[in-house]
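J.: Have a look at this one.
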Amino acid sequence: MLGEILENVRERSPLIQNITNYVTANDCANITLACGASPTMSDGEEEAEEMGRLCDGLNINMGTLHPRSVKAMLLAGKSAAGFGRPIVLDPVGAGASTYRRETAEELLREIPFTAIRGNISEIKTISGGRNSSKGVDADAADAVTEENLEKTIALARDFSGRTGAVIAISGAVDIVTDTKNTYIIRNGHPVMAKITGCGCMLSSLTAAYLAANPDRKLEAVAAAVITMGLCGEKAYEKMAEENSGNAGCRNHLIDEVYKLTGRELERGAKYELR
Ligand SMILES: Nc1ncnc2c1ncn2[C@@H]1O[C@H](COP(=O)(O)OP(=O)(O)O)[C@@H](O)[C@H]1O
Ligand SMILES: Cc1ncsc1CCOP(=O)(O)O
Ligand SMILES: [Mg+2]
């Protein structure tokens, strides 16, 4: 089932429009190609509406916000929604500034997101109006632990109910949930927190998996999260073998997504479904 989701991406090769940040845009484009989809990365407001129509899926990433990109996000989001395309929100650093917080609120008001993927600090911020964050990375004080797991699942389910979106909280433990069913995923490696763009790349993958599997939203998001974690594990092994650093690991990560088969995804998945 999870393997079939990846195979559908390869077979259907959806076009994914990313309105994203300039820090990790190239990695997002490459990981989109690696999973079998096709990326566009344009953020001009002049073509946003057309791109929203043309694409099979849209990924909106708040990493390096400015008024022009926000306009493009709103235009593309409304256009894509009108054509029934899946739309992903990555609320990068949502709690870091008033501008980010208010933009996240506006995007959530105006666009019917299919999935929202962020680290725990970002999801806490946009689900509850909390005002703190450690820049674009999760604050260690927010970390999901065995002790607060149930509470975090409840928060994510509640947020899913209020937005209609599948919620994916990433970190050492990943939570993917709608209002009823929850995947608790334990793939991944701590080195992934040392590679900028792991979250952004995961959001691009999520849009691709959703676009190729529109009727299996929860499973599609879970498969994207498991793909990222599993390929992070494989990339770490390569990094350790060659004694390289985080940049080498980043390249291996994209390569591992390129090579991953549906069968390997199913065999390597570490999750519990509740
Ligand atoms: N400590 C960790 N252990 C295992 N996997 C991790 C860890 N931290 C992050 N990841 C993985 O890295 C990817 C990006 O997650 P995260 O770092 O939370 O996003 P962001 O980069 O947006 O803050 C996810 O696939 C997640 O599972
Ligand atoms: C460092 C940084 N600053 C603005 S966007 C960005 C990239 C964040 O990427 P990720 O959340 O995937 O680590
Ligand atoms: Mg991020």
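Our numbering is plain: 1 for the first residue shown, then up by one each step along the chain.
Using the three backbone atoms N, Cα and C, a Cβ is placed for every residue, glycine included.
Here TrEMBL flags M41, G197 as substrate binding site. Taken from TrEMBL, the feature ATP binding site covers R117, S170.
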J.: Return the count of C-beta atoms lying within 10 angstroms of the C-beta of S170 (ATP binding site), excluding that atom itself.
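T.: That number is 27.
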J.: For M41 (substrate binding site), list the number of other Cβ atoms lying within 10 Å of its Cβ atom.
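T.: Looking across every protein chain shown, the total is 17.
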J.: List those of the binding-site residues M41, R117, S170, G197 whose Cβ lies under 6 Å from any atom of ligand 2, in sequence order, or write none if there are none.
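T.: Among M41, R117, S170, G197, near ligand 2: G197.
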J.: M41, R117, S170, G197: which of these binding-site residues put a Cβ within less than 6 Å of any ligand 1 atom?
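T.: Once distances to ligand 1 are taken from each Cβ, S170 fall under 6 Å.
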J.: Judged by the number of other CB atoms within 10 angstroms, which among R117, G197 is the least packed of the binding-site residues?
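T.: Comparing Cβ neighbour counts within 10 Å for the binding-site residues R117, G197 gives G197.
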J.: Taking DSSP as the reference, which of helix, strand or coil describes S170 (ATP binding site)?
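T.: The three-state answer is strand.
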J.: Under a three-state reduction of DSSP output, how is G197 (substrate binding site) classified: helix, strand, or coil?
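T.: Coil, per DSSP.
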